[in-house]
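Visitor: Let me begin by handing over the structure; questions about it come next.
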Amino acid sequence: MSRSALVGNITAMLEDAGFLVSDRCAIRPKSFDVAARRGEDLVLLKILGNVDALDRMTGAEMRRLGGYLDATPLVIGVRTRDEDLKPNVVYFRHGVPVLSPDTAMDLFVEGVPPLIYAAPGGLYVNIDGDLLADEREERGWSLGRLATELGVSRRTVSKYEDGMNASIEIAIQLEEVFDEPFSSPLEVMEGAESVRDSEPTPDDPDPDADDEHVVHILTRAGFTVHPTARAPFKAVGEDDDNRRGVMSLLTGHSSFTKSAKKRARIMSSLGEVTQTRAVYFTETDAKRDAVKGTALVSCAELDAVDDPAAIRDLIRERSQKPTEA
């Protein structure tokens, strides 16, 4: 299956599951392919045939954007370099959770979260340690007795009861011994943080030299500006004074070319899904106020405005207001 067909299939699956899905980010660079929202759940999704194609820089940017937009970065893919992804298993690449299409279908359509995650050494599960301790004590078993049943040390059993994760083989043994499961579902929409190796997210990249002027003006207008390296937009502006009703911004900046117009359309679609406003700053007068929901503001207009509040008002007047979840 081609990557384009895979993206189409995943998009259709998300729509069937009740997600509002953005237009595909059919431009380069792009750290994700689509954004999708269902209620309060927002996903920034990268769709790959081979998940090992996700590089460190893209993974880091997806995690940064997830933090700025209150979203879950997620990869859906078919295989690694060596094998197909297994169903009901969460993998990780550069700190980003990775699911197979079948696992994504179970999670988003059927409402069945995965139980297993891949880590160095094999496949593991979360163990409900409190339940395990209760069941062991109800049987009147000592730590040593259960350790003997499992073929592990007494100290290891104690760690399971304290919340240490277990191999899938141990989880199966526990279920056979007590005739009930002890595995806890993974919170994929929370980034599966309970099992993900903590990988520090790098700082924001420096803005392009051509964008520094725009960054300075937005900062003066009350936004914390986070430049991007591979996103479909140049920066995310976090509103430091949301009382004025602007909220966060997706921003672009360039001459108003055919490519810029396409990028502004995509930003409008992303803004609708991520519940942010979008604004594109142009080097020349675009002869219009907006492309779909993305405000167009020329750099000459920016330079002519001294009052930071007026800049916010200009963006608010020309951009589409975000809708509530």
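Keep in mind that glycine also has a Cβ here, set from the backbone N, Cα and C atoms.
Computed from a predicted structure; not experimentally measured.
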Visitor: Write down the single range among 143-162, 243-262 that appears in Swiss-Prot as DNA-binding region.
Guide: 143-162
Visitor: Counting only residues 6 or more past its boundaries, what in the same chain has a CB within less than 8 Å of a CB in the compositional bias 'Acidic residues' (200-211)?
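Guide: Result: 60, 63-64, 67, 95, 225-229, 234-235, 253.
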